[in-house]
Amino acid sequence: MTVRPISQQRLHVLYTVPLVFSLACILMIFGSLCGLVPWRQTSGAVLIVHRDFPTADQEERIDGTASFYFGLLGSCYRKASDQKLQCTSVSYPPDYNTTIAIGGEGINVAHLDISMPDLPPVFLTWLLISIIAIICQVLGALPIYAPQRFFRRRFQSEKLFSATLWILGIGWAFGFSAVLALACFAQGFGDEYNLFSIFFSYNKATMGRIFVPLTMALVIQVIVGIAVIVQIANAPSEEKDAFESSWQTHLRVTGP
């Protein structure tokens, strides 16, 4: 087995891809937090309450009367004849009762007195921690992108990457607990609502699609954490024996 210096191109890939993933994770968290209200995107709904009417062939289903969407910062409703969402303003705690009062023909609004868990601050904390982590990650990678300008700071990269890993771990714990609590609430409330709505034709509560980007964000952060571990292992350290002044010749990969 031989050891050869890593190429500059592969070196940039090693440090750029985790940064792109971290940025994508931040956008997913922010998009989930603001998706329904104020952006009026149904993909940001935590819970959806609607009516479904079967068609003549009993296979396809079409929307009927109103549909209610509940998000982290507000709620929206949409009439069957109108694709436009009518939403509340951004508020904390979120305003859910306004949309229920506006329209609910054929909807069991008596059991829609929804009270979301106090999770928006947790998601905001997760978002802020993720931003701090990517800042540390960028600072640690500066000697890679500008080795001549940041040559004297190369020994700080290992500490910055280690801090990034710890910060990511703390943020991931916040995110995982918040997503899990939100999923349990949505599933529990949906089951309870469906149970009380058995006498309302085709009333149904389902979990929203907000959990798709949130789950992807959690998975991406795990991947970024693994990449940061690799970066820590390859970062120059004053304690390493055969350290050469050039970062490019110090970072090595094993070959056949």
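Positions of Cβ are set from backbone N, Cα and C atoms, glycine also.
Automated prediction, rather than curation, is the source of TrEMBL annotations.
Now, the feature entries from TrEMBL:
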- 12-39: transmembrane segment (TRANSMEM)
- 123-145: transmembrane segment (TRANSMEM)
- 165-190: transmembrane segment (TRANSMEM)
- 210-230: transmembrane segment (TRANSMEM)
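Among the stretches 12-39, 123-145, 210-230, the one making the largest number of Cβ pairs under 8 Å with the transmembrane segment (165-190) is 210-230. Distant neighbours of the transmembrane segment (123-145): 11-12, 15, 18-19, 22-23, 25-26, 29-30, 32-33, 72, 151, 153-154, 156-158, 160-161, 163-164, 167-168, 170-171, 174-175, 178, 221, 228, 231, 235, 247; these residues of the same chain sit at least 6 beyond its ends, with a Cβ under 8 Å from one of its Cβ atoms.
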